[in-house]
Every structure is written in structure tokens, then in C-alpha cells.
Amino acid sequence: MITDEEVDWLLSDLLEVYGYDFTDYSRASIKRRMSRLFSLDRFPSFAEFRFKLRNDEEYLKRFVEEITVNVTEMFRDPTFYKVLRTEILSILATYPLIRIWHAGCSTGEEVYSMAILLSEANLLHKSLLYATDINPSVLEKASRGIFPLSQMKQYSENYIQSGGKRDFSSYYTAKYEYVKFHEDLKQKMIFATHNLVSDRSFNEFQLILCRNVLIYFDQNLQERVFSLFDYSLESLGFLALGSKETLRFSTISTNYRQHSSKEKIWRKIS
Amino acid sequence: MAENILSKKYKLVVIGGSAGSMEVILGILSELKRTLTLAIVIVLHRKKNGESLLVDLFSSRTTLVVKEAEEKERILPGHVYIAPADYHLLIEKDFTFSMDFSEKVHYSRPSIDVTFETAADAYGESLICILLSGANADGALGVKKAKEAKGLTMVQNPEDAEVSYMPAQAIAIAQVDLLVNGAEMGAIINNLSAQ
């Protein structure tokens, strides 16, 4: 187990050596992830762990990938996707070009879910899906569109619960232990690194999804990210969060109305 | 240990349970006195959905406030918090909750270990850590961490547990303070409360 002091050292190393600022992340989670990595990679001492991180850029990639949580699912929270499918997409359909931002997209499962929804609503051809993450190696995975076959049963169930009518396997080709989603789903995806802590807005969107990212941030950082989203969202655009996240305590909340009481989707009304 | 118990310095009780623990938890809740000065956090293995049902069910057994733990919420005495389905529930050093959607631990999310370990880190010797019946190894390591942090560790007597595996795992790896039958736990918690 890594001590609090050691966590502080690693956090200041990351900032000083590489410019990654994790100081406003929820501490218990990051401490646990660091401790986990320390024992996973079998370092004989904390000093060696720290030395490796400071001096090996390849290890930095692994470190960032492991301390940021990259667990995600396709059609996670099917009722959320059902609301997107039945209520939100028809509004977005009125725009000539639909711009969607998946902020903190991790390995991309939710971006592919969205592409499937758009394609079924015959909207994919006029959409752009921006998928960003702090971490280049997860984006690399996302852009490949290759996911473990073992997950497909769960994803297929999620898809059906979200209102999907097709045979889910029609969207991918299976080979050995993996499946590859069809290239046409990827046509409108743009993958780019973006750091929610330090980077600015880069476009205006009608829908921003940032699900299960803010839970890792402290309140100050959450507030900063909400302002970034507010700045990046067109009037009457939608902001979608994870099921345990809320806009309620943010200063921007007065400009937003929650679209449905059950799902964490807000609409910008001014 | 006796001294620990008399000192009544405890602020938080974390209770972890899996298969066979529901009846024990309901029993504990119905015993808790309304002036309890401790906060209670319950981590229960279960299916993805149905948290609102748990809040209702638990509320029906106690006059204390029962709610699902919320992101960044401050932990207050006299409240019973339930870990939400499908997220790990972590406890921060400033006595607030945070959540995490990282890998399952022992096939479980929420994981009892995760909450126990972070609670041990945040509360140290003012923590009471209780592990109940279950068919899973989750929670054992957390009990060990709570013990190392000088908290009071209490495990359901395996002979009393509907499924003895989980308490037995904890006993195997940690110097547990008390082995207790489920029916006695509520009274013990009341006694450890300041008032």
C-alpha cells in the first residue's frame, strides 16, 4: 500500500515532469489505483516505482492508463440509451449537421453504441462523433473498434433493452476471441487526445456525453469541467452524465433543465 | 480490545455482506437505537438494479435515515448509507463518499474490500468493520486492512452464518477482534455508540 505522502510525490512528479495534473482527482480512488499498479508490476520498493515513472515515458503511458479507470460498456444503462433513441435523436435530426462529443471516451464502447443508434435512425451520414480522452493508448484501442467476444452477450442484451431491434451481431465480424465492428460505423468518428483538466473547448456541439468521468474529480475540478461543457454546448443542446453524476450543484445548473427525471440528461435552455 | 470497546470513540460502522446476509442486516437495523451517534455504511452484493427497493426495505426496519450513498456526500452520524449498485463506494479522508467504476473485485461491484479498505484509511481506529455471511472472498482483505488501521473488526460467527465462506476467509487472513452471532450485532453497535 502506498502512503498518502507517496501519492503526493507521484502526483507532483506527473505534473512537473509530464504536465499531467491529477491533483484534483478524488484521492481515495487514485491512491487505490496507484497501490494496485505498484503491486501488479511487482516493484521492490516505492523508490523504484517512482524512478521508473519519472524516467521512462513508455511506463508513463501504462501508468496513466492504469490510474485512470477505463472500464466501460456498450449501451451501458440501457434505459439511458432508450431515451437517447426515442427522445433526443428526433430533436437532433432537425439539424443539418449533428455534432456530438464523447468526452473521456476511454476505449470507445459508448461511441460505437452512439454510432449504432445514429445509423438506425438514419442520421449517421450527417453526424460527427468527436471521441476524446486524456490517454492516447485507450484512443488507439477505440479507433480500432475491436472488442472482446466475451462481452458481446452482455452488450447484446443491453442493446435490446435500449430498444434495439436488429440482430446485434450484424454490426460486427467475430474472429477468434475478438469482434471487429464494421468500418461504416467508424466513418464519422474523430479521435483526439483532450485533457479535461487543462485543455480548452474546440468546437460547439448539440450533444456532449461525459459519463462516469466526473466521479473521479473533486468538486472544484467538476465545476471547471462543467464550465468547459457549457462553453462547448450550443443553446438547446444536451449534456449527458453518468447515472450517479449530477449538474444540480454546479453554478451552470440554472441555465439547464433536466430532460427526464430518471436519466441524467440536461438541456441547455439559455 | 475491551478497552477499545469501552472507549466509545467510534464514528463509522461499515457492514459488508453477500449471500445469506440480508436477514442479519435487517435484524441489525431493527435493533439500532434512534440516538445512534455512528454512521452506518452497508455494502451488499446484488444484481445491478433495485437499489430503491433496498432503501425502502431498510427504512421499514429503522427510524434512522436510510439512503443510497451519493457522490461527494458528507457522511453524517445517525445515517444509514447503502452502496449503489454497479459502482464501488469509496470513503475519502474528508469523510465524504466518492464512486468509482473500476474493475470488479472478486466478481463484485460494489466490492466490500474497496469500501472497507478506504474506510480503514479514512477512519482508522474510529472504524468498526463488520463482515457477514457470504459465498465470496470479498471483504476478507478489507477486514485485514481495518485491523491494521486499528479499527474494531467483527465477523459473523461462521457457524451462525447461512454461508460461512466469507467470514471464514476473513478469519483465515486477519486477527479478527470479535466473532459474533448475527442476532447480537445490533446490540453491540448500540453499545459502541457514544450515547
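From the backbone N, Cα and C atoms, a Cβ is placed for every residue, glycine too.
Unlike curated records, TrEMBL annotations are generated automatically.
According to TrEMBL, the protein has these features:
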type     : residues : note
ACT_SITE : B:Ser18  : active site
ACT_SITE : B:His45  : active site
ACT_SITE : B:Asp138 : active site
DOMAIN   : B:6-189  : domain 'CheB-type methylesterase'
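Using a 10 Å Cβ-Cβ cutoff, B:His45 (active site) registers 24 neighbours. For B:Ser18 (active site) paired with B:His45 (active site), the C-alpha to C-alpha distance reads 5 Å. Other Cβ atoms within 10 Å of the Cβ of B:Asp138 (active site), summed over all protein chains shown, number 26. Spacing of B:His45 (active site) relative to B:Asp138 (active site) is 10 Å (Cα to Cα, whole number).
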